[in-house]
Amino acid sequence: MTDRFDCYYCRDNLHGKKYVKKDEKHVCTKCFDKLCANTCAECRRPIGADSKELHHKNRYWHEDCFRCAKCYKPLANEPFSARDDGKIMCGKCGSREDGNRCQGCYKVVMPGSQNVEYKNKVWHDECFTCFECKQPIRTQSFLARGDDIYCAPCHEKKFAKKCFKCKQPITSGGISYQDQPWHSECFVCETCRKPLSGTRFTSHEDHVYCVDCYKTDVAKKCHGCKNPITGFGHGTNVVNYEGFSWHEYCFTCKKCSLSLANKRFVINAEQIYCPDCAKKL
């Protein structure tokens, strides 16, 4: 005699009939649909024994109901994402809803597309452009000025200090003299082109000279000793009178050698005398 094989709920004999095994219990399809079937999260109808069921995080769907909430694309065999509000979306629509937006065009930056990330912000590769020339930065170096991005040439052109001599931008290093910036290679003697950085020098009419060239080519000659009046070393004060110049220590009486700086004097035959010696001439 054959043992009975009955439905757990209705006790109907299951021999030769279709049934479902649920929690180690054998259930006829009618009882399964009525008592055991999961409810579809989309259409809210039972997912019967004859239907293909899909599930994700304790939620269930008919295969035909498992679609993108935005474009209604079937997702049974496609990648998908589940949003916090319970909606299921295909990868493309999910990226549009939740993805980062480009700081240039404000459109969604799709996963896998070429993009640039900088300071927790993202741009399409073609939208990450120089604020000045509007060209894409791509693999070039760039500099930021506030929220604006500049390619290196435009940043240099717009913000770099200009050399007082050649008027070209100073990109690194440089020298400051009289509150004016210079390239190191431009800060040279006007006459002999000797580099002046770290050496003694002087300036005359916006030009700089080494000490030797200034003495030879620029400095006035003392009417007394005939040597250059440079302003270097001992006796930096100068006396000027009627087109002639003297070192202060050379401005003395021709006869008695009395210093006449800041004193009365007499000129005779281009020579200077104190008033007493001038009376004796």
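Backbone N, Cα and C define each Cβ position, glycine as well.
Per TrEMBL, the feature domain 'LIM zinc-binding' maps to 38-99 (among others).
Taken from TrEMBL, the feature domain 'LIM zinc-binding' covers 100-161 (among others).
On the 0 to 100 pLDDT scale, the model's mean across the domain 'LIM zinc-binding' (162-219) is 84. What TrEMBL lists as domain 'LIM zinc-binding' is 162-219 (among others).
For the domain 'LIM zinc-binding' (220-281), the number of residues in each DSSP class (helix H, G, I; strand E, B; coil) is 9 helix, 18 strand, 35 coil. Here TrEMBL flags 220-281 (among others) as domain 'LIM zinc-binding'.
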The domain 'LIM zinc-binding' (162-219) - residue tally per DSSP class, helix then strand then coil: 8 helix, 18 strand, 32 coil
Three-state composition of the domain 'LIM zinc-binding' (100-161), taking helix and strand from DSSP: 11 helix, 20 strand, 31 coil
